[in-house]
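Copied over from TrEMBL, here are the features:
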ACT_SITE  Cys126  active site, acyl-thioester intermediate
ACT_SITE  His242  active site, proton acceptor
DOMAIN    2-116  domain 'Semialdehyde dehydrogenase NAD-binding'
Amino acid sequence: MRVGIIGATGLVGRTTLSLLEERGFPVSELTLFASERSAGERIRFRDTEVEVTTVTENWDLLADVFFCSVSDEVTRPILEGYKGDAWIIDKSKVFRMDPSVPLVVPEVNGNILKSTSSKIIANPNCTTIPFVMVVDAVCKVARPERIVATALQSASGAGKDALAELRLQREYLAVGQEVPDDAKEVFGRVLASNLIPRIGSFDKTGESTEERKLRAESRKILDDAELAIYAACTRVPVEVGHSLSATFIFSEEVNLRKIEKSLTSYPGITYRSGDDYVTPAQTEGADDVYCSRLRHAPEDRTVLHLWITTDNLRKGAALNAVQIAESLG
Ligand SMILES: NC(=O)c1ccc[n+]([C@@H]2O[C@H](COP(=O)([O-])OP(=O)(O)OC[C@H]3O[C@@H](n4cnc5c(N)ncnc54)[C@H](OP(=O)(O)O)[C@@H]3O)[C@@H](O)[C@H]2O)c1
């Protein structure tokens, strides 16, 4: 299959390349696009080097499937009005809520790929993917009335410039210097040794775009428009690995063992019990969504708490997209 990556030099683009290689994806030809800044760079893939170019006219004729991993602003002019024959698996938010475009986590709703007429397939947000897998596993036992989720999202979730900014901020702090404004351009604040309870922009109710995405995307993937999801998203000074602390509130008592069994048997989830909880650093480079710290609320068996961690660049982004491509056949 001829494969193209738009945004090949970014964190998600580079992770996609590694995964195509690791998983033995049948790549017959590879086309790599990035901005003018990277044009001419050569990237190794298997035993060859491929030159990066800017997005050319008729770019879509160069591959059968494209992984598009660029910002919303860059995605729009490239993909809006797309009528080509190549499959596009898009990581931006541009098409996620478009009713004519499937929003896919293969383990949850991959079956819709068989019947879609859309050539664009949207890849969900990096927090939504692990969250919906766990919610789906829980819902196979009992549907919660409400879910309260606090997402703790790593710096790499905002791209390579964000990761570089976190590292730069750390260097200033390590030598006892104040972080200057030009080292706060991506996050707007100091993230190193700190937390930032804002990802995206706030609407008039005070909810952030990231919080809205988690709710809206989860409802679309789970095909459950009424599911009550209350989210709070915070940026944390972790390099790679998103975490979620989630509370599920049910209308009646829920059996912990049944939930544990459902999580254990769910494809792509690794369940760990007791003291074997999983931290974000442990997920870096791993494919699975990790679920641990499952417990009832004290004195209330209608409430469950659990902890989710995932490599945001792999299952949260690139791996999910490669799995979609694998199921396109
Ligand atoms: N990071 C995550 O965990 C994650 C998870 C899910 C979804 N996403 C989404 O995936 C997309 C990519 O994220 P990322 O983290 O990989 O970002 P990133 O590290 O900042 O990389 C951005 C990529 O876009 C390229 N680019 C910029 N302007 C371009 C242009 N005019 N034409 C072609 N390419 C251009 C960059 O090329 P240069 O190197 O030449 O600048 C780079 O390859 C975003 O939409 C993001 O929201 C990210």
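Placed from the backbone N, Cα and C atoms, the Cβ positions cover glycine too.
Those TrEMBL annotations? Automatic predictions, nothing curated.
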Rounded inter-Cα distance in Å - the residue listed as 'active site, acyl-thioester intermediate', His242 (active site, proton acceptor):
8
Per DSSP, what is the residue count of the domain 'Semialdehyde dehydrogenase NAD-binding' (2-116) in each of helix, strand and coil?
36 helix, 29 strand, 50 coil
Near the residue listed as 'active site, acyl-thioester intermediate', how many other Cβ atoms are within 10 Å of its Cβ?
29
In three-state DSSP terms, the structure that His242 (active site, proton acceptor) belongs to:
strand
Spatial neighbours, same chain, of His242 (active site, proton acceptor) - Cβ under 8 Å, 6+ residues apart:
Cys126, Thr127, Pro130, Ala151, Leu152, Gln153, Ser154, Gly157, Pro280, Thr309, Thr310, Asn312, Gly316
Whole-number mean of pLDDT values that fall within the domain 'Semialdehyde dehydrogenase NAD-binding' (2-116):
97
